[in-house]
Amino acid sequence: METLEKVLSPMASYLNNNKVIQAISKGIMSTMAALMVGAAGSILLNLPIDAYQSFITSCGLNNVFNTLVNVTTNMLALYTAFTIAYAYTAQTKHDPLVAGLLSLLGFFIVTPMVTTGEGYAAVTNLPLNWLGAKGIFVSMFVAIMTSLIFIKLSDKGLIIKMPEGVPEFVSKSFTGIIPGLVVGAVFATLSFLAAQTSYGDVHNVVYTLIGQPLNGIGNSVWTGCLIYTLSGLCWFLGIHGIAVVSAIMPIWLAADAANLAATSAGAAAPNIITYQWINAVSSPGGAGATIGLVVCVLLFAKSKRYKTFGKVATIPSIVNINEPVVFGMPCMLNTLLFVPFVFLPVVFILVAYFLTTAGILPVVSGIGAPTGTPLIISGFICGGWQMAAFQIGATIVSTLVYLPFFKILDRQACEQEQNEGNV
């Protein structure tokens with residue numbers, strides 16, 4: 001156990017304290033409000049009811065709903081270019097708003113424009129295909145690189161400083177001028193160099209050489225199993241396991257965005273392994289799939305300790321908050337619970353993957369429930385009644401798996417209480 005902790009603790013600490021990983025995760029999660037608007041638009045646009053479809057088409061509502069999707073889901077990379085740079089720079093003493101705006105500048109520079117028509121009728125536009133899920137890896141690269149340029153130049157004093165007495169908002173507006181010129185020069189150069197290759201532009205270079213391989217790795221069920229095994233081991237040792245998941249979360253969130261864009265366009269969702277899917281199937285009740293353990297406490301506890309504990313842990317577990325279970329039960333460093341706590345989520349991932357490939361569970365559309373949505377309801381939002389039914393089944397299985405382990409713990413607690421009462 002000590003050897004395991006020596007291996008995992010530094011890794012979790014590195015991931016938890018890595019500014020790049022944290023900024024990317026926070027930046028993408030910050031777009032959740034926009035994604036929920038896009039998800040609502042996608043649902044309203046694609047309800048499979050003929051009379052409803054005829055109605056929204058006849059009155060033009062389909063165009064309104066389609067606009068909701070286009071300005072949210074189909075422009076996700078645009079939002080993340082700003083939010084990731086903002087999140088990264090917010091970890092320093094510098095102005096994150098300036099970094100976010102410069103990141104948008106860099107992103108626009110490397111994004112190819114398309115011109116249609118000629119002369120006065122010519123129209124130049126930005127294609128949506130690079131503003132959505134396919135452009136996320138470029139937005140990550142641009143955001144981090146822009147932030148580093150801005151921070152380095154600011155630290156070296158290579159910014160325009162206004163004299164004292166000038167209002168702060170005016171002074172701040174000048175701090176980005178020199179970094180902006182550098183950012184513009186850097187990304188214009190990269191855009192020019194990419195245009196000289198067979199790829200044609202920066203987006204194609206990054207998506208082909210980096211994005212597609214990373215998507216292939218992230219969308220593997222075995223990657224999901226490995227990540228959740230490591231996460232479970234971290235939680236078992238008392239280390240926050242979300243640090244491990246956050247390392248791959250950007251890839252899974254990008255897969256969600258790709259699914260949402262595809263389903264909004266009336267196409268099939270391309271990715272099985274996404275953040276919303278794995279969050280819905282792997283861990284009912286939180287890390288370790290401990291909802292079943294809480295059910296055991298509520299139904300079968302005889303000791304005063306666990307009867308009291310059940311009253312505290314139930315509601316948080318229903319909304320997938322299980323720190324009270326991990327640290328209060330405790331599951332942490334409890335060797336009796338090691339096997340179900342670490343490996344039950346992995347079993348659920350494998351079973352759900354098999355059911356999805358068999359067509360029993362749906363490939364999720366990328367629509368996710370907000371954090372804190374109760375179990376079963378979250379499953380229904382994510383994948384309809386089939387996913388809700390899976391969560392009910394997972395809760396039953398979790399209860400049956402944890403029951404024999406809990407009975408041993410409860411018996412030990414009863415014996416301890418009896419011995420303390422006899423003293």
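Including glycine, each Cβ sits where the backbone N, Cα and C put it.
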Range among 196-220, 221-245 that TrEMBL annotates as transmembrane segment: 221-245
Listed stretch, out of 135-153, 174-195, 284-301, 375-403, that has the most CB pairs under 8 angstroms to the transmembrane segment (67-89): 135-153
Leading stretch by Cβ pairs under 8 Å, where the reference is the transmembrane segment (221-245) and the options are 174-195, 284-301, 375-403: 284-301
Predicted model, mean pLDDT over the domain 'PTS EIIC type-3' (4-405): 87
The transmembrane segment (174-195) versus listed stretches 96-115, 135-153, 284-301, 375-403: most Cβ pairs under 8 Å: 96-115
Considering the transmembrane segment (135-153), which listed stretch of 96-115, 284-301, 375-403 counts the most C-beta pairs under 8 Å: 96-115
Distal contacts, the transmembrane segment (96-115) - CB-CB under 8 A, six or more residues away: 77-78, 81-90, 122-127, 130-131, 135, 138-139, 142-143, 145-147, 149-151, 172, 175-176, 179-180, 183-184, 186-188, 190-191, 194, 200-203
